[in-house]
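Undergrad: According to TrEMBL, the protein carries these features:
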type: BINDING; residues: HIS29, HIS77, ASP166, HIS170; note: Mn(2+) binding site
type: DOMAIN; residues: 4-84; note: domain 'Manganese/iron superoxide dismutase N-terminal'
type: DOMAIN; residues: 100-199; note: domain 'Manganese/iron superoxide dismutase C-terminal'
Amino acid sequence: MAQTHTLPPLPYGYDALEPIISKQIMELHHQKHHQTYINNLNAALSAQASATQTNDVPTLISLQQKIKFNGGGHINHSLFWKNLTPPGTPGNELGGAAPALREAINSRWGSQDAFTKAFNTELLGIQGSGWGWLISKGGPKGRLEITTTKDQDPVASGDVPIFGVDMWEHAYYLQYLNNKAGYIEGIWKIINWAEAEKRYTAGVENLLKL
Ligand SMILES: [Fe+2]
């Protein structure tokens, strides 16, 4: 029987990202939304294992989208919790916590401000549900790019997700309502630049532990 996926604990308390992200949002987002992706992924993988045993190709084909959506949801949220950190912690500072990444950002966009503006524009341009990402193309220390993915699509295999911003309404609506720009402005105060530096220089290990 296939090993099942479980909800990874948050690396901080549910209220630790306040006032940027409320305890209520964090509890729902982690315990309900992320948990549901995991439950649905486990169910789809189990059905896939059965269908593989009976060589049931039509069922295998029909499961692909479920695995992509829920597996992507599990990967993206697992990355997201770790790429945030409570406001006012040392990891918040791009300068001190991420020297190599800061240099790469400055060389690519000219300044941190220019990078932030470009990233914000991408986030605000997402239509419907999706994610905005800073990625390193092809592996660690690659060319930096800002990209977006639709729904729960993960970053393309081979590229390193340095950090991502969840732009689904469930990530901010209870607190920010339709003020997407206010949510985005807040996110910059809780980005975990120490984690971002680690991903930029060394990549991401074990996106999903099986
Ligand atoms: Fe989410």
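Count begins at 1; order follows the chain as displayed.
Cβ from N, Cα, C; glycine included.
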Undergrad: Going by DSSP, is ASP166 (Mn(2+) binding site) sitting in a helix, a strand, or coil?
TA: strand
Undergrad: If you take the centroid of the Cβ atoms of HIS29, HIS77, ASP166, HIS170, the listed Mn(2+) site, which other residues of that chain have their Cβ within 8 Å of it?
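TA: Same chain, not in HIS29, HIS77, ASP166, HIS170, Cβ within 8 Å: HIS30, HIS33, HIS34, PHE80, TRP168, ALA171.
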Undergrad: Give the sequence-ordered list of residues that share a chain with HIS170 (Mn(2+) binding site), lie 6 or more positions from it, and have CB atoms under 8 Å from its CB.
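TA: HIS170 (Mn(2+) binding site) has long-range Cβ partners ILE25, LEU28, HIS29, HIS33.
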Undergrad: Indicate whether HIS77 (Mn(2+) binding site) is helix, strand or coil by DSSP.
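TA: The three-state answer is helix.
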Undergrad: Including all protein chains shown, what's the count of other C-beta atoms within 10 A of the C-beta of HIS29 (Mn(2+) binding site)?
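TA: Result for HIS29 (Mn(2+) binding site): 23 other Cβ atoms within 10 Å.
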Undergrad: Taking the Cβ of ASP166 (Mn(2+) binding site) as reference, which residues of that chain separated by at least 6 in sequence fall under 8 Å from it?
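TA: HIS29, ASN76, HIS77, PHE80, TRP131 - these are the non-local Cβ neighbours of ASP166 (Mn(2+) binding site), listed in sequence order.
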